[in-house]
Structures are given as C-alpha cells and as structure tokens.
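Annotated divalent metal cation binding site per TrEMBL: 126, 130, 147, 318, in sequence order. Per TrEMBL, the feature substrate binding site maps to 147, 148, 149, 150, 151, 179, 194, 198, 290. Annotation comment: TrEMBL describes 44-324 as domain 'Gcp-like'.
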C-alpha cells in the first residue's frame with residue numbers, strides 16, 4: 001500500500017453512477033501532508049440519463065445508459081486530463097448508497113479498469129464524496145453539513161473521525177419529493193426536474209398554499225407534504241381555487257412546496273449548528289444547487305453571525321470528481337478495496353465510514 005511520504009504527487013480516477021448521472025473525474029493531490037496537500041481537478045465529465053416528462057428513471061434503464069456511455073465518458077475524461085494511464089495511482093468507485101443496478105454497472109466497469117491497468121481499487125461512500133468535495137471547493141473548515149439530494153436528506157457534523165448524522169428524512173428524501181411532484185405536474189426532466197421546479201417557483205408567490213410542516217425533533221418527513229401537494233394539483237386541474245378565492249397555478253404550487261420544505265431544512269440545520277457550536281453551513285447534494293434554499297439558509301446563518309458555503313452544479317450534482325477526491329483521501333491513509341470485496345450496496349450510511357484523513 002502507498003504511504004503519503006513516498007509520493008508527493010498522486011492522481012485518482014473516480015467513477016460515479018449511483019443514480020441517473022454517470023460521472024468520471026480525475027483529480028491530482030500534491031504535497032507531503034494530508035492537512036496541507038492541494039487538490040487540482042484535471043477533468044470532470046458527466047452524462048445524464050433523462051426520462052420523458054411525467055416519468056422517473058427506472059434502475060434497469062439507468063444501468064443500460066451507464067453501460068452504454070461508460071467507455072466514451074472515460075476516454076473523454078482521460079483526454080481532458082491529458083495524462084497517461086501510468087500516472088494514475090488508483091481507481092475509485094461509488095460503493096453506495098444508491099440504486100442497485102446503476103451502482104453495479106459502474107462498479108463492474110471500475111473493477112475492469114483496475115484489472116486492465118493493474119491499479120488498486122477504492123470503494124467510496126457517495127455521501128462522504130459530496131462532503132469532501134464541498135469542503136475542498138469552498139474551504140469550509142468545521143461546518144454543519146446539509147446533504148440534500150434525490151436519495152438522501154441528512155444534517156451532519158464531524159466528530160471523532162466520523163461524519164455524525166444529527167437529523168435525516170424519516171421517509172422519502174427532499175429531492176425525491178421534488179422529483180415526484182414534477183411528475184405530477186408533468187414537468188420536463190431535462191436538465192433536472194428539481195431545477196425546473198425551481199424556475200417555475202420563481203414565477204409563483206402570489207399565494208402560499210397550506211402544506212403540512214413535518215419536523216419531528218431533528219428529523220423531517222416529506223411523504224405527507226407530497227400527498228397534499230398532489231391533492232392540490234388535482235384540485236387545480238379541476239378548476240379549484242386557492243384560500244383567497246382565486247385560481248392558483250403550477251407556479252404557486254411549486255413556490256409553496258419549496259418554501260415549506262426548505263423552511264423545515266433550515267430549522268433542523270439551525271438546531272444542529274447550536275448543538276455543535278458551528279457558525280458554518282455547507283450545503284451539498286443536487287438540491288444544494290437551489291438558489292432559494294441557499295438564500296433561506298443564508299438568512300438564518302447571517303442572523304447567527306455565520307455563513308453558508310455551497311458549490312455550483314459542477315460539484316453539487318453527482319459527479320466523478322467527488323468520488324476521485326474522497327477515494328484518494330482514503331487511499332493516502334493506506335486504504336484499498338480488494339477486487340474480491342469490490343461490491344456495492346444500496347444502503348451505506350454516512351456515519352459508517354472511518355474518516356482517517358481528518359484529525
């Protein structure tokens with residue numbers, strides 16, 4: 001196994017495919033210390049499986065997409081990085097959590113590269129990948145992390161070499177709530193249903209429709225909110241009126257849904273900040289791109305004398321570079337995944353990972 005002192009320049013190729021994004025990224029770490037080493041993104045290529053409006057992405061179709069595009073995306077990543085294969089130190093892949101069939105497709109492809117190029121494998125927790133990439137890009141030192149995506153909703157803080165979960169969704173993730181409501185309204189999935197809901201919400205705001213507010217301690221529930229939003233959408237399509245006696249629009253529905261669920265996320269994040277004594281919030285995951293969520297979180301943090309850190313769509317949305325970065329951090333501590341253990345799992349909690357690279 002490699003140790004950090006033997007090589008000052010390390011390169012990893014990361015493969016991500018836990019949902020409908022296939023991403024391959026190549027990252028460079030330079031330096032002799034885990035605390036002072038610098039990171040450089042050499043390439044970050046992504047291709048998205050987009051299903052028709054009113055539908056979601058099925059695991060088998062998403063896996064077929066990843067198999068069809070993997071070689072093309074890998075070649076693009078290598079060409080963009082402009083490095084020989086011989087300089088790559090390890091192949092990193094998403095071990096979980098995620099959708100079983102897409103995860104398996106990419107794990108097999110990563111295993112193939114490892115055997116073909118004689119490079120060690122590193123299995124990476126998808127959630128930890130988001131956190132470490134967010135920390136690297138923003139420079140946040142000791143943040144409370146709000147991880148919000150199509151499959152996960154967690155409030156996290158670091159303690160004793162683990163990313164501890166302080167609160168989470170009790171049922172569906174916040175991104176899944178948004179995606180499924182986009183299907184109800186038959187909103188386009190291109191480039192992403194959540195993004196299109198965000199744009200539609202900007203046109204709403206004439207009326208705030210009443211939706212359940214389901215915060216339970218440090219946890220949230222989104223399934224009841226989705227059910228009520230679906231009922232209101234059906235009411236709207238049948239010519240129903242809002243609480244002010246006037247008709248309401250899809251934009252009003254999207255606005256009301258965002259305002260309600262984001263207020264819930266702000267509440268549990270603020271409570272976590274008070275508990276751990278942090279003045280920083282780092283928002284990661286695909287929903288973290290949402291400007292309204294960042295605005296609401298920023299207002300809360302400002303009242304506490306704190307600040308919010310977030311990245312743009314290159315790093316918020318699932319990507320291969322975050323897997324390369326987190327995998328290389330683990331590899332630098334001596335961690336490798338033997339080929340015979342290079343499986344994947346749909347359930348892989350954030351707090352299961354030993355974060356040896358942080359003190």
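Indices start at 1 and increase along the chain as displayed.
Note: Cβ is positioned from N, Cα and C throughout, glycine not excepted.
A quick note: this is a predicted structure, and the numbers were derived from the prediction, not measured.
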Its Cβ having more other Cβ atoms within 10 Å than any other among the binding-site residues 126, 130, the winner is 130
Measuring Cα to Cα, how many angstrom lie between residue 147 (divalent metal cation binding site) and residue 290 (substrate binding site)?
13
Among all the protein chains here, how many other CB atoms are within 10 A of the CB of residue 290 (substrate binding site)?
25
Other than 126, 130, 147, 318, which residues of the chain come within 8 Å of the divalent metal cation site, judged by Cβ distance to the Cβ centroid of those residues?
18, 127, 129, 131, 149, 152, 284, 285, 286, 322
List of residues, in chain order, with Cβ under 8 A from that of residue 151 (substrate binding site) and at least 6 apart:
18, 19, 97, 98, 99, 173, 175, 176
Using Cβ-Cβ distances, find the residues under 8 Å from residue 194 (substrate binding site) that belong to the same chain and are at least 6 apart in sequence, listing them in sequence order.
150, 175, 178, 179, 182, 286, 287, 290
Determine, to the nearest whole angstrom, how far the Cα atom of residue 149 (substrate binding site) is from the Cα atom of residue 318 (divalent metal cation binding site).
9
